[in-house]
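Notes for the one structure printed next.
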Amino acid sequence: MSGALDVLQMKEEDVLKFLAAGTHLGGTNLDFQMEQYIYKRKSDGIYIINLKRTWEKLLLAARAIVAIENPADVSVISSRNTGQRAVLKFAAATGATPIAGRFTPGTFTNQIQAAFREPRLLVVTDPRADHQPLTEASYVNLPTIALCNTDSPLRYVDIAIPCNNKGAHSVGLMWWMLAREVRRMRGTISREHPWEVMPDLYFYRDPEEIEKEEQAAAEKAVTKEEFQGEWTAPAPEFTAAQPEVADWSEGVQVPSVPIQQFPTEDWSAQPATEDWSAAPTAQATEWVGATTEWS
């Protein structure tokens, strides 16, 4: 399929990406039309997809997309959550028209509704989940491309790309590979240099996980600010004026403070001490008119 050209052969880094994302892992069921894409069956019943056939079909699909003069005439669809982000990224990279989420019945056949469109090529993520657009495409003679698993029905599918269309990483990687090949065949990017866009941007992420990561990052930032605030607080400034000493051999002149003078008393001039042995002087106290004499 690649025409035996070295430039179109699958590179080692591409194989490693396929294996890391689990693109070669199919399901436990096998459709009779998908037998030609199977390499072997594991002991646990899972079918292994031949990545060489996957790469050949990927190049064929990219050539079909490039053959459309107006990129907006290519409709890419994914009703499943795992492929919606990848479809939007693919559309942004290639100029295609994305339909992420529920497909409105009659989009390709009912001319009355506002969402009516007439694309020239249709690309779907899962033939089983996206059966409605495939059926309508058959009514209007619309060529179709689909990412097919081992148990996917190939009815109304013109170009089937065998891969794992269940895993989020596998679906994102396949759309990334397809977008890269389309841009390469159009001459937008070079085959000699790697594409600067990472496959991670095409992967589906659970909104709950994203919210948890944002909360954890916010808490970590607050903790870091508090920690830095405790240790980086400015030291108190002492504004007391220090005496300037030009010559350190000379002593610092301490300002003299006058000593307060207190009057001194002559203890010798005090009167003689009373005789404590004498009886105290009688004092009269009135307690209910009575007097007490101390004798």
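Each residue's number is its place along the chain shown, starting with 1.
For all residues, glycine too, the Cβ spot is worked out from N, Cα and C.
These features come from Swiss-Prot:
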CROSSLNK  LYS89  SUMO2 cross-link
MOD_RES   SER2  N-acetylserine
MOD_RES   SER43  phosphoserine
MOD_RES   LYS52  N6-acetyllysine
MOD_RES   LYS89  N6-acetyllysine
REGION    54-113  region 'Interaction with PPP1R16B'
REGION    161-180  region 'Laminin-binding'
REGION    205-229  region 'Laminin-binding'
REGION    242-295  region 'Laminin-binding'
REGION    266-295  region 'Disordered'
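Cβ neighbour count for SER43 (phosphoserine) (all protein chains, 10 Å cutoff from its Cβ): 5. All protein chains included, LYS89 (SUMO2 cross-link) registers 20 other Cβ atoms within 10 Å of its own Cβ.
A Cα-Cα distance of 37 Å separates LYS89 (SUMO2 cross-link) from SER43 (phosphoserine). LYS52 (N6-acetyllysine) and SER43 (phosphoserine) are 22 Å apart (CA-CA, integer value). Around the Cβ of LYS52 (N6-acetyllysine), 15 further Cβ atoms fall within 10 Å across all displayed protein chains. Under the three-state DSSP scheme, the residue listed as 'phosphoserine' falls in the coil class. Helix, strand and coil counts from DSSP across the region 'Laminin-binding' (161-180) read 13 helix, 2 strand, 5 coil.
Helix, strand and coil residue tallies for the region 'Interaction with PPP1R16B' (54-113), in that order: 30 helix, 9 strand, 21 coil [DSSP].
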